[in-house]
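Novice: Got these off TrEMBL a minute ago, pasting:
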type	residues	note
DOMAIN	81-164	domain 'FMN-binding'
MOD_RES	THR147	FMN phosphoryl threonine
SIGNAL	1-23	signal peptide
Amino acid sequence: MLKNLKLAAVLTIFCLISAGALAYVYNLTRPMIAANSALSFKRSMGEVISADSFTPGSQGCYLARKGKETVGYVFPVNPAGYGGAIEMMVSLDKGGKVIAVKIISNKETPGLGTNILNPKFLKQFSGKSVGDKIKAKEDIDAVTGATISSNGVCKGVRQALELFGKVKP
């Protein structure tokens, strides 16, 4: 009985030390991780639209600016795909036409759903606007074997266009 209590005490102490060390390392690295995440986010915005700066706007968008002039908008959206949320950015010009679409992260099936990253697929959305139909297999050539993933990207672009209609610059 005493042997079991000693073992339980040693395991408890070991768990407390491990948990404390893990919490310490997490708190130590959290600011660096947040800074790197913000930098990556800003770089991604720069890849979908050419701008000097990005400022938060309404409806969760970012205003892309060259000097003091707003040249477009970037909408981060997270539509559902086959394997989970597809984190993406959609850039629109001032008139509400899609400039570019970038997939930031996804959990789609490797070799099938991940083909949504193909530039040929993503370029189909350029020039689309609020009044346009955006539906996989009808208006957009879907990725073969990945209709749900393709529909997810279409939904993300539609979400961005709908949000654009609500933006107050």
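Along the chain as shown, the residues are counted starting at 1.
Keep in mind that glycine also has a Cβ here, set from the backbone N, Cα and C atoms.
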Novice: Suppose you look only at the domain 'FMN-binding' (81-164); what would the mean pLDDT be?
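Specialist: Result for the domain 'FMN-binding' (81-164): average pLDDT 90.
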Novice: Can you count helix, strand and coil residues in the domain 'FMN-binding' (81-164) using DSSP?
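Specialist: Counting residues per DSSP class in the domain 'FMN-binding' (81-164), I get 30 helix, 18 strand, 36 coil.
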